[in-house]
Amino acid sequence: QGRILEKTGLCSQITFGRYVRQGRKLGVDPKLFIQDLQFNKVPVRVYQPKATSDGRRRGIIFFHGGGWVFGSLDTYEKVCRYISRESESVVVSVQYRLAPEHKYPAAYEDCLNATIYFMKNIEHYGVDPARIIVCGDSAGGNLAAAVSQTLAGRSDLPKLRAQILIYPGLQALDFNLPSYQQNRGVPLLFRERAAFFALLYLNGDALHMQEVLDGSHIPPDMRLKYRKWVSPDNIPEKFKVRGVKPLRPTDFIAEVYETVKRFCEPNLCPLLAEDAIVQQLPESFILTCEYDVLRDDGLLYKKRLEDNGVRVTWFHLEDGFHGIISLFDYCGLSFPAGKRGLDSIVNFLKSL
């Protein structure tokens, strides 16, 4: 449908995709006070429980998914309301700028600026400075991980209490990890789409998509350097039983690397951060889904955090697929696994 419209020149695939995903305006929530504001010029929606609280509440900064290209405050309205109500926390949902109109690092900078603003103004929202949490799904999980790494070394701001990464995309070096091979054709995120979104976010276009999928965009010496972090060897054997084959390395193409070399920046690919940064990260919650090309990004980051002494709570949905949380109560659809995933996040929050 989107392709047909693009061919007829009526509107681009992306505009169509955004329209389809925009979500419906919801009515008043009897348990929440909801307002649209701007934090440092970044549009946000703040959800505050109406019930009186004994002390100051948790503050959760939420970054939505959608491949850095789709998604809005409305798309994630039900998810944010549910988290705020069930965990009795203040939730700030961030409307960061989207690609391809706004390339990297626009989304990252918006998320970082909104988070810092919130940290400096928490007294207005009755939030406990010792319990500020960043949270996001998919591309939002990528942004939450990047913001968390950036704030890890800041002594002038409250320390984050935790990060919650819901099937995050954390690297663009290897699109042939076992989960990429096993789930290449599983909705809602196909292998090609993952590379397409990463390139739109980085460059505003998806040129060289095939070379990136093949792996010819990273120099052999860098591949070797990052192998200690991005490698099938770091993934538990039980995840490799479903159809995985070792692939012969493709030839490196220098001119492709020139266009994508920022893929090696941790603000874009948090899995590549140095150990010294990873060691300072807060307690972490990682949710992965078995039928998800991004499963192994989550598993690899879990290992990195644990290797660096960071406490990790890991929740794996054996029957889950990418995007299942955003489909929570979506247009009458509801997946039991999505509800289980969301409740695992709420339970983790209540433990903080």
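Note: Cβ is positioned from N, Cα and C throughout, glycine not excepted.
In TrEMBL, annotation is done automatically, which means it is predicted and not curated.
Remember, predicted model here, so these are calculated numbers, not experimental data.
Listed features, source TrEMBL:
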DOMAIN    60-207  domain 'Alpha/beta hydrolase fold-3'
ACT_SITE  Ser138  active site
DOMAIN    251-325  domain 'Alpha/beta hydrolase fold-3'
ACT_SITE  Asp292  active site
ACT_SITE  His322  active site
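Under DSSP, residues within the domain 'Alpha/beta hydrolase fold-3' (251-325) fall into helix, strand and coil as 31 helix, 19 strand, 25 coil. The domain 'Alpha/beta hydrolase fold-3' (60-207): residue composition by secondary structure is 62 helix, 25 strand, 61 coil, according to DSSP.
This prediction places the mean pLDDT of the domain 'Alpha/beta hydrolase fold-3' (60-207) at 97. Other Cβ atoms within 10 Å of the Cβ of His322 (active site) number 27 in total over all chains.
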